Each structure stands twice: as C-alpha cells, then as structure tokens.
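The block underneath contains the structure these notes are about, expressed in structure tokens.
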Amino acid sequence: MIDGQTTEPKQKTRIILAPMQGLVDDVMRDLLTRIGGYDECVSEFVRITHTVHSRATWLKYVPEIANGNKTFSGTPCTVQLLGSDADNMAANALEAVRFGADKIDLNFGCPAPTVNRHKGGAILLKEPELIFHIVKTLRERLPAHIPLTAKMRLGYEDKSPALECACAIAEGGACGLTVHARTKAEGYEPPAHWEWIRKIRDSVDIPVTANGDVFSLQDYIGIKTISGCNSVMLGRGAVIRPDLARQIKQYENGGPVKDTDFAEVSKWIRQFFELCLTKEANNKYPIARLKQWLGMMKKTFDPAQTLFDRVRTVKDADEVRRILNAFEHEINV
C-alpha cells in the first residue's frame with residue numbers, strides 16, 4: 001500500500017468490529033469507533049446460564065444500550081448472547097430488548113475451553129439440531145422487528161459440520177451470519193480458510209459476513225475477493241492496527257489511503273487510558289488494559305515496544321499518565 005494512493009470507488013462493504021471477550025470491551029469499542037470506519041460493532045458475549053439478568057448486568061457488559069444502542073461516536077452496537085438453553089436465552093433476549101437492545105447476536109464460535117466445557121460457543125457446532133432449536137426459539141419469541149443474527153466457526157474438530165450448522169442458523173430464522181474461517185481446534189493459527197466462507201455463502205440465503213486473519217488492507221481485499229462477501233468483520237487486526245477500518249473505508253470511497261503514524265497512535269493510547277480511568281478509577285483495570293493493548297500493537301509499531309517497556313513494571317495510574325504524556329511529547333517533537 002502506498003501513502004496517498006487513490007483508487008476508483010468500490011462497491012460499499014459493511015465493516016463490523018468483532019466481539020472479543022476480554023479484549024474489545026465497551027472502552028475499546030468506544031475508542032476504535034471514534035477513530036472511524038465501522039458500520040457496526042458487537043458486544044462481548046453475555047453468558048446465559050440459569051438466571052435472567054437484571055438491567056444492571058446488561059448495562060455492565062453493554063452500556064451502549066443506555067445510549068440508544070450506539071457507541072459515543074454513534075456506531076450501532078449489537079448485543080451478543082452465549083449459552084445453550086434455548087428457553088433461558090430467549091427469556092434473557094426479551095429482557096435485553098425490554099431494557100432497550102434493538103438487535104441480538106448468538107455466539108456459536110467462542111473457542112475458549114472453559115466456555116466449551118459449559119456447553120457454550122463452538123462446542124455447539126457438534127449439535128446442528130440444537131443450534132437450529134436455539135435460533136428458532138429466539139426468532140419465534142423475539143418481536144418481529146428485532147434482527148437476530150449469529151456467529152460461528154467452521155466446526156469443532158474439523159470442518160465437516162460447517163454447511164449443516166450454517167443452514168441450521170439460516171433455517172432457524174436468523175437474518176445474518178458471521179463466519180470465522182477456522183475450526184475451534186485451529187484456534188487462531190493461520191491460515192484462515194476464506195474459501196470456506198464462500199462455500200457457506202453459496203449454501204444459505206441470508207447475508208454472510210467474512211471474518212478471520214484481516215490484519216491489513218491487502219488482507220481485506222483478499223477476504224472480500226475469495227469469500228465473495230460484502231460484509232467483513234475485523235477482530236484482532238482492529239486492535240493491532242487501530243486505523244485499519246478507517247483505511248478500508250478510504251479505499252472503498254476511492255480516496256487516498258494513508259497509514260497512520262505513531263504520533264497519532266500515541267494520542268489514541270493516551271485517550272484510551274483516560275477512558276479506562278473514567279470507567280474504573282483505580283490502578284488495576286486501566287493499567288492492565290493498557291499493557292494488553294501495547295503488547296499487541298508492538299508487533300506492528302516499533303515505538304509501542306518502547307512504550308510497553310516503560311510502563312511494564314509500573315503499578316500506579318498517575319505514573320503511567322506521566323509516562324504517556326512524556327512519550328507523546330517525545331514522539332511529536
């Protein structure tokens with residue numbers, strides 16, 4: 001990619017920020033959608049077990065509900081549920097809607113062993129009939145105007161159930177499906193099998209969103225071309241390269257495509273830390289989240305490694321703020 005390059009206008013693609021548990025919480029959603037390029041984001045999953053969650057619980061995980069289901073930059077946010085009890089998932093979905101949620105997504109893709117042991121996420125890909133029952137139950141009980149979508153992987157151990165599970169989701173009544181192009185067993189090991197997204201897209205009559213291994217504009221062009229999808233979900237790539245969605249929109253709009261520099265990134269880092277402090281005015285949460293993010297970005301931005309080294313052993317938020325301010329000044333001199 002060349003800074004300043006201009007392209008012809010492309011067919012519009014929806015760019016969605018992925019739900020990533022423990023990584024893209026409401027603060028990260030807020031920041032990344034402020035940077036721009038996103039048409040929608042999806043919340044971290046809200047785990048559904050044997051209880052019906054209170055309003056306080058919904059707002060803890062998806063505070064966007066109280067803001068008209070939008071991040072503070074105005075990007076729509078969808079509520080994601082994870083579970084296997086169709087009746088209780090439906091009851092919770094109805095409560096979320098009662099409190100203001102206007103779109104529900106179902107998680108059939110989480111690869112976390114703890115989640116899978118409790119019959120949630122990707123383990124359900126072993127049971128297409130149960131997936132169908134869950135989707136059908138929620139679709140029948142939710143108000144007709146509330147969109148119901150789902151996210152899945154290609155399977156648990158292998159890809160053999162991929163088409164059956166996708167069809168179960170579509171036939172159950174979902175109006176959209178996101179496919180992460182790996183099995184649970186593959187975790188996040190490359191490569192993502194983008195060609196399988198096309199197979200699924202060709203097998204169902206609902207819109208399919210492509211997801212997996214999009215870390216650059218070139219990756220985006222590749223997944224869109226191979227999958228044939230007009231909707232792409234960004235996951236880890238969105239965190240590692242915070243301006244990725246913005247670059248994609250520049251490309252799609254036919255304008256100049258320009259990489260960010262670390263002077264701009266340093267401003268986002270400081271802003272992120274301040275947003276974390278606003279959420280929890282203590283030392284633990286803001287510092288842990290900052291170190292997590294820097295630890296991911298240092299693979300792409302060399303100065304992130306330098307900044308990570310400076311804050312790695314710091315445990316006081318005021319000291320971290322001082323380091324961030326000094327580093328930003330240093331970068332911008």
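Placed from the backbone N, Cα and C atoms, the Cβ positions cover glycine too.
Within Lys136, Lys151, Lys291, the residue that Swiss-Prot lists together with Pro19, Met20, Gln21, Gln80, Asn211, Gly212, Asp213, Gly235, Arg236 for binding FMN is Lys151. For the pair Gln21 (FMN binding site) and Arg312 (site 'Interacts with tRNA'), the Cα-Cα distance reads 23 Å. Between the two most distant C-alpha atoms of the annotated FMN binders (Pro19, Met20, Gln21, Gln80, Lys151, Asn211, Gly212, Asp213, Gly235, Arg236) there are 21 Å. Counting every protein chain shown, the Cβ of Gly212 (FMN binding site) has 29 other Cβ atoms within 10 Å. In three-state terms derived from DSSP, Lys291 (site 'Interacts with tRNA') belongs to a helical segment. Taking a C-beta cut-off of under 8 Å and a sequence gap of six or more, Asn107 (site 'Interacts with tRNA') has these contacts in its own chain: Pro19, Phe45, Gln80, Leu81, Leu82, Gly120, Gly121, Ala150, Lys151.
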